[in-house]
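*Asks:* Mind having a look at this structure? Questions to follow.
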Amino acid sequence: FFSPKWKFDFSLALAIRKSLRSHLSSNPCIMGYLVQLGVSPTFDNTLSAFLTFYLAFFVVSSVYAVRRAFRKRALTNGHAASCGDQVPLLKEFPDEDNVKHMAGYRRSLLGQCLMYWYTGLTLAILVAVVVVCLDVYGVGDTAWQANTLFAEEYRQWWALYLWVFQAVWYVVLVFKGDSLGTFFRQRCALADAEVVVVWVPQEVERYVVREHVLVRALRAVALRGLPRRALGFTTVCPVRVTPSGQRYIRFQHQQLLWTGKTFEAEHIAVGGTVDALMKCGIGLASQAAAAREERLGPNCIPVEVPSWLATAATELCSFFYVYQLTIMWPFFYWKYWKISTCSATVVAVSALITVCVKRLNAKSLAALAEVHTTCRVLRDGVWQLLDSYRLVPGDCIVVEDEHWVLPCDVAVLRGTVIMDESGLTGESLPQVKICLPTDTPQQPFDPSHRDAKKHVLFAGTLALRSEGRAQDPSGKAVAVVLTTGMSTSRGQLIAGILWPRPLVFKFDQQLPVLFSLLGLVAMGYFIAAVRVVSRRWENPPIPVLWSYAQATVAGVISPVIASLLVVGQSAASKRLRNRGIFCLNPQRITVSGKVRCMCFDKTGTLTKTGLEFISVCPISDTARPKQIGDPIEVAKEGRPSSMDPKELLTQALATCHSVTMLDGHPIGNEVEVNMFTATRWSLTQASGALPVITSPDGEVGLSMVKRFDFDHVLATMSVVVTCAASDKFTCFCKGSAERLKSLCDPATVPPDFDAVCDAYASQGFYVLALGHKSLDSRSISDLQRPQLESDLCLLGLMLFRNEPKPDAAEAILCLKSGDVRPVMITGDHVLTGLTMGHRVGMFSDACDRVLLLDVAADQKTMTYSQVMVGALPKPISVSEGRSALLAGTEVVMTGAAFRLLGDDVINPECPDAGAQGPLLLQTRVFARMQPEDKVKCVEYHMHLGIVTGMCGDGGNDCGALRTAHAGIALSSAEASIVSPFTSHEKTVMSVVDVLREGRGALATSFTSVKFQLMYGQVVCFNKIISYGWGTLLGSWEWIYLDACLCLALAATLTMSLPSDKLAPSRPTASLLSPLHICSVFFQLTIHVCTTLTVLYALRSQPWFVPFDGSAIPVTNWFEMTNNYESGTIFMLMAMEVLAVALSLTLGGDYRQSFYKNVPFILAWAGVYGILVALVLPNGSPLARLFQFASDPTIVAPLPPYPSQWKAVLLVAALLNTAVAVAVEKVLILGPGAEYCRRRRKRDHHIPLRC
């Protein structure tokens, strides 16, 4: 039976049919039961074939499932060891990160037969649904009426069976869709596999400080039956073969090769040292390059745009559309074809729009990933013109210019390149890339290291100018390929977009709890509907009873609730884009709404991008001891420089930089550009020659022999220059004042050096120092950087002014008033940071002095000082310092102190802990912080359970931007690898905009969820009331409620604008918040009271004629719609939904009120106008269409509503709206919200001083 040669014996079907016919015909009990279930006693060929088909289907499926289980167990127990498959099974959860677990599968004849069988059954269900519905309307061959399946007395039962079967069938297919690719295949060893299932653990970011008790209980129940692979994601990859016979799979656009045991990605390391990379300059042989291309795949990021059919199939197979189909087709069956057609049209339009948007997004992403060009490549010792797709690591290529797009990551071997990296890293200024240093051949080279970036060109960036040696092709720079395809920096950016790290918010965890609670509510409504219908109509058929109950609870659990939680993000993302703020991951918008601490870089973020070069302070040569002279102003616009070109200080300013020229304009670091331009010297560099810097009068010309670029760890930059008129060599070095002091000869350092530097820093100056030393020409080539940057002679100080941005103080004030703590993390001097902090308003006006934490000269002892703004630090004792901490004094801290404290900075039991608990929460300014210190500082804030943001320019703070919950880079890139948010405006107010939109998006999403919940509850309650009165609403009334009222209001609710300013609180992220529960409860109570009051008043009217629905067959719903009760219930439902919608758009602290939402006002007024037009006139065409009991010419000869009753309905509507709005405004948005915020702060929040 299990042999591949097994063939189906159709005599088995005949035997089963014969046996069933004989047994059933001789058993009256079974015959009677079949009659009760709707099966004809005439056991004809149609029914026997039907039963035989499904019996065989379930038998074969069960046998196949058992066979797969035994096969899987055999592989698990090691019986497949001989096949070389030692990969763990999918159910095993790895402890280490990024572990890929694989399982192999191959085709099975029985599995293929079952696949066709399942496919046929799935299509047959759709056909059966259509046939049953058409039969109800009398469409088709009249011969159907004689068939057992479609007999009138049994059709309802078959419809019920078909509904239950198709609902279960399609739901199982949706939730098990990912495993269908392997269900019909046989498990085997990886060596024999035709497809491979790759499972990787899911790395999830959780933003939940304290879980709800119901969440913990539900997780405990769910995890017992949940497979471990649910904690990751699975991909089915077909096994392919290269031309040479190498087996491989493609996983996440990366090629994994078969190694004999498993499939692994091929990594070709190009050099490990500078010398190894330089040897790659000879290029590759064609044969070696072809072998690498075969193993790595083409140099591209293959983001495919799915076809219209594939996109539509993926969309329509989602749970939302399956749910809609399951709910919709019973309405077709019961001749609610108008509302069903309207709903189907809305769903179809929604699907079409979604498919179009997905296709557009896929095209945009494919265009972003596409980098296709031609390259000059050195192959077999000859320069060839090749397609960029054929590049492999180790290839030697020519870097073109004129905005040439880099097709891969490369390292510059020879020459210099000026790059535009704004599209990738967000750097607005062109970046100068230099060749690898040849004087340090054994130096390790790591492309990901910060210091290596000056030699690496990234894929997707633009080469503006390329200069190489004269013997190189066209005199262009030459580079070696490091990585290709998805391994490049651009590939990492695309991977972050395609497979973003999931963010689990509190409402994500509570969503299953909400659905579980709604399921219990739906069960209650279901039971209530069954009891009410059973009492109202005598002995209703079970299928009809089921249909009434199912229609009642259809709206309780809306499938759109999960999507409504992100609808606010989409609207906020569009508004941010209009302001020049681009978001790579919209989920981060919601996270930004919960930010409590915002960290800022100083230079280029809180301050202007450019630094104004003010003056230099030379060191006196004649005075003993050395003294720092008075500041000498540098050249300004329209005013010449007063510095002597022959002075060493002037030459240091003119040469100690990495500035280069592009189209006659100096480019490079802002500090160095301002320093160089202030000297009025000129820089020229011929292709392949050394840069030459010439004085304005042309008398002095200096050639740059060697250069060491700025290093963030060393905090220095140095050059070696020589004068063309002599053979003297000089080393100039610049860096931070304290660093230069440690590198200079103590005899050349004035005794008051530290005091003078602190004085300038306390005035807000950015202070750098310059030093020099003379060199012997014979030893230059052998000297390394540590030797050059030692025993220097101090030349002087440079003073730069870095003014704050015009909106920096306003942004900080907005954050503090919005209960967000601003913190500065800078690499500048601590007193400069302190002064800037005061200028932008980080410190309160009452804060006249702060506590400075630093380390002593031994780097092991903490020192304490009191600092006043504009004054020098005053040292105090340890006891005084700790007393100041306990008194709540604001703290500024140096990077050395931060590193010395380590984890104690977040330890509330540390001796240096302050009044706020951990010392970290009392520190306002962190100065002299290295890039890794900035990352650690952000991580410490996050470790304390504080949602933390970071704002910087994307330079040395890119690590902190990526680490923070909400990183905002002030750069010019739309999609950046630096941070999830990028602001083109480069204004600090962008931070306020992101936080405002985040809070507004969170509040809007929860409002949409509450509206949907309220609508479902109102509909269910009124259906139960109408069943009790024996009435039903007409088709056009439901079309008005579902399509016009609910859809229009729900769509425009999401367009609410965020508040203009940050409120001193954040919206809750809990679906089970007492605030939301009370809001829904109060609104439902108002509706119930209004409904019961109005209906009681209706029955007491002298003109009222009760409607007796029990006299009408329960299936004839269309005869129960034209009466006083149904018209009044319809009015009550409509006015309640309108009242709820208006009350939910009042705004509050995080959103603007409804009168600022123009689309909502128009939609609300429009649907309200339809309601008034329906009520006021008598005998109107609209009343006839709605079968509203106001026209005596309708089927039931009822007199119209009296004018007094119409006035009562309208007054009741206005009162209901007024009460709903008042309750929401006073109890929910007023004292209720304040109480919940106080309780939340008391129970869950770490106190923060803003």
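Any Cβ shown, glycine's included, is placed from N, Cα and C.
Remember, TrEMBL labels are computer predictions, not curated facts.
As annotated in TrEMBL:
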TRANSMEM  47-66  transmembrane segment
TRANSMEM  115-137  transmembrane segment
TRANSMEM  157-175  transmembrane segment
DOMAIN    372-495  domain 'P-type ATPase A'
TRANSMEM  511-533  transmembrane segment
TRANSMEM  545-567  transmembrane segment
TRANSMEM  1077-1098  transmembrane segment
TRANSMEM  1127-1146  transmembrane segment
TRANSMEM  1158-1176  transmembrane segment
TRANSMEM  1207-1232  transmembrane segment
*Asks:* Any chance the transmembrane segment (1077-1098) and the transmembrane segment (1207-1232) are in contact, meaning at least three CB pairs closer than 8 A with a sequence separation of 6+?
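*Replies:* By the criterion, they touch.
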*Asks:* Counting only residues 6 or more past its boundaries, what in the same chain has a CB within less than 8 Å of a CB in the transmembrane segment (157-175)?
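*Replies:* For the transmembrane segment (157-175), the nonlocal Cβ contacts are 37-38, 121-122, 125, 128-129, 132, 149-150, 317-319, 322, 325-326, 329-330, 333, 542-543, 546-547, 550.
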*Asks:* Per-residue pLDDT averaged over the domain 'P-type ATPase A' (372-495) comes to what?
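*Replies:* A mean pLDDT of 84 is what the predicted model shows over the domain 'P-type ATPase A' (372-495).
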*Asks:* Does the chain bring the transmembrane segment (1207-1232) near the transmembrane segment (1127-1146), so that three or more CB pairs sit under 8 Å (pairs 6 or more apart in sequence)?
*Replies:* yes
*Asks:* Using DSSP, what's the helix, strand and coil tally for the domain 'P-type ATPase A' (372-495)?
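*Replies:* In the domain 'P-type ATPase A' (372-495), the DSSP-based counts are 22 helix, 49 strand, 53 coil.
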